[in-house]
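> This is the feature table in Swiss-Prot:
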- Gly89, Phe94, Ala140, Glu141, Arg153: S-adenosyl-L-methionine binding site (BINDING)
Amino acid sequence: MNTTEQTSSLPSAGGENGVKLLLKYFPDLTEEQRKQFAALYELYIDWNSKINVISRKDIENLYEHHVLHSLGIARIIRFRAGSSVMDLGTGGGFPGIPLAILFPDTKFHLVDSIGKKVRVATEVANAIGLKNVTFRHARAEEEKQTFDFVVSRAVMPLADLIKIIRKNISPKQQNALPNGLICLKGGELEHEAMPFKHKTSMHNLNEDFDEEFFQTKKVVYVTI
């Protein structure tokens, strides 16, 4: 199935329901974005049956626990056109793929050390016609390019992550928010963030999203 067929085909019930959830919080999605988000359901169901990138117990929560969670980053920043973002430890494409759909004029570079996960993310992005994403199978330490922001979802402790990605943050500023690291994390984070408290801010996603899943979820931003 080519990209045009994939994005224009009728969405599954799972995809339709997922898009309804997203529209609750992002009502301005274009028709193309809605089609792309809807297509994710069948694609991840199919790929997850071959390569486990999402817990099989959690795949039915794809839109709430993975897609909407990824879009939580958009609650603290709207990336300007031409911005560049690296998703470190992307796994099956989170948060990079949902963000790339939401911000089609921003360039996203998705990196993971596990090749089969990179394959899934690449195939999903190709199937929905994303043109603003690139992929690399590599360890974080091997990536030398610079970006406006690095995003990540609970990959490792903040101190370790900051040490690794400091080299990847561009000194050139083009967004309202200074360049840095944006992480999706959960639970008690004050101790973890303490060494960087003067450069760190936390946004509670339960202020934006009603679902119980988000009660302890945060977006952590660190200026680099």
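Cβ atoms are placed via backbone N, Cα and C, with glycine included.
Because the structure is a prediction, the values reported are computed rather than measured.
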> What whole-number distance in angstrom separates the two most remote CA atoms of the S-adenosyl-L-methionine-binding residues Gly89, Phe94, Ala140, Glu141, Arg153?
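Farthest Cα pair among residues binding S-adenosyl-L-methionine: 19 Å.
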> Name the residues of the same chain, 6+ apart in sequence, whose Cβ is under 8 Å from the Cβ of Phe94 (S-adenosyl-L-methionine binding site)?
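Counting only residues 6 or more apart in sequence, the Cβ neighbours of Phe94 (S-adenosyl-L-methionine binding site) under 8 Å are His66, Val67, His69, Ser70, Asp87, Arg153.
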> Which chain-mates of Ala140 (S-adenosyl-L-methionine binding site) that are at least 6 residues away have a CB under 8 A from its CB, listed by sequence?
Leu88, Gly89, Val111, Ser113, Ile164, Ile165
> Looking only at Cβ atoms, how many others are within 10 Å of the one on Glu141 (S-adenosyl-L-methionine binding site)?
11
